[in-house]
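Worksheet for the structure shown next.
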Amino acid sequence: MAFHEYPVTQDYRISRKVLGVGINGKVVECEHRQSGDKFALKVLRDTQKARREVELHVMASGHGHVVSVHDVYKNSYNGVDCLLVVMENMKGGELFNRIQERGQKAFTEREAAGIVNEICSAVAHLHRMSIAHRDLKPENLLYVTTASNAALKLTDFGFAKKTDESEPQGLKTACFTPYYCAPEVLGTEKYDKSCDLWSIGVIMYILLCGYPPFYSQHGQPMSPGMKAKIKSGQYTFPSPEWDCVSEAAKDLIRKLLRTEPTERITIEQTMEHKWISHYRRVPDTPLFTSSNLNDQREQWTDMQDEMEATLASMRVGPENIQIKSLGDSNNKLLAKRRKGGASPKDDPMDDIKEEEKDDEEEKMIS
């Protein structure tokens with residue numbers, strides 16, 4: 001994988017504006033010195049896992065529904081090697097936040113179908129290259145701009161993995177977000193690209209009603225009851241939210257949420273399903289989604305925090321999966337996020353800023 005080895009600050013001005021926090025690193029805004037264009041900069045410690053993330057993201061880059069990678073740098077700060085990934089700046093925000101911000105404007109089934117079509121387009125692109133994303137969730141689906149017709153794009157390849165002959169053992173490392181993970185991910189079975197289809201089914205379910213099909217009744221990232229529901233495929237289409245949803249939509253959800261991976265619909269079959277292939281003809285029926293997401297805004301934020309904690313602190317054993325609570329997690333990144341601000345300690349971004357500051361001062365002196 002090719003990358004620049006000279007300082008990123010030669011090409012970009014680095015801002016302290018945090019755009020997001022991924023499982024493997026922080027994302028801040030940066031500005032290209034020559035063009036003045038704004039980009040997103042992700043900082044990763046240079047590890048084999050980070051290189052895999054960057055390599056797969058670069059491979060997938062260029063598709064209309066995948067966040068583009070523009071530059072990659074390898075720099076060292078205080079003796080720590082880092083990869084700095086310059087990406088497209090997604091100014092439109094996260095998928096469900098966009099729906100929450102609609103206010104009284106109705107969100108329709110036709111709009112939901114259009115969104116799922118965009119997500120499926122990105123996943124189909126990955127699967128054609130034998131890449132499983134393995135972390136499909138609303139926070140990783142971002143809009144390019146705030147315009148109503150802005151494109152939705154997939155990002156964060158921190159758990160992505162090749163599924164072809166280069167991975168002879170299959171995907172047997174359990175990387176997942178509880179609310180969106182497939183049953184086979186919860187056990188010791190191997191799993192593959194079909195886990196992405198399960199995640200699409202969960203996202204589609206939430207888009208059509210405003211709440212997830214599987215949840216923890218005790219507010220924990222993964223309760224035994226929630227785990228049992230996922231493994232047995234227990235979910236319903238309750239009234240009144242689902243009374244107005246088309247049978248075609250419910251049919252696709254049933255095919256996506258099948259517990260047996262070999263029986264689950266593929267991404268190609270999903271794209272051919274009439275609810276997706278004819279998404280412009282889907283009924284323009286108003287849904288309860290927007291009001292439910294707003295009514296549960298506080299719970300939704302807590303759920304996102306739980307998912308992030310789980311992603312960063314999961315521990316996989318041969319017989320079971322143990323997930324630390326956020327309070328027990330020793331992950332510094334999550335602790336900073338929970339406290340509402342980043343501590344400057346051990347943050348490569350601060351070293352980058354100091355280096356840039358020194359460069360600017362040298363220019364002023366000379």
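Keep in mind that glycine also has a Cβ here, set from the backbone N, Cα and C atoms.
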Seminar exercise, completed: Of the ranges 210-233, 330-353, the one Swiss-Prot annotates as motif 'Nuclear localization signal' is 330-353
For this session: Check each residue in the chain of VAL27 (ATP binding site) that is at least six apart in sequence and keep those whose C-beta is under 8 Å from its C-beta; list them in sequence order.
Result: VAL18, LEU19, GLY20, VAL21, ALA40, LEU41, LYS42, MET87
For this session: Using DSSP with the three-state reduction, classify LEU19 (ATP binding site) as helix, strand or coil.
Result: strand
For this session: Translate the DSSP assignment of VAL27 (ATP binding site) into the three-state scheme.
Result: strand
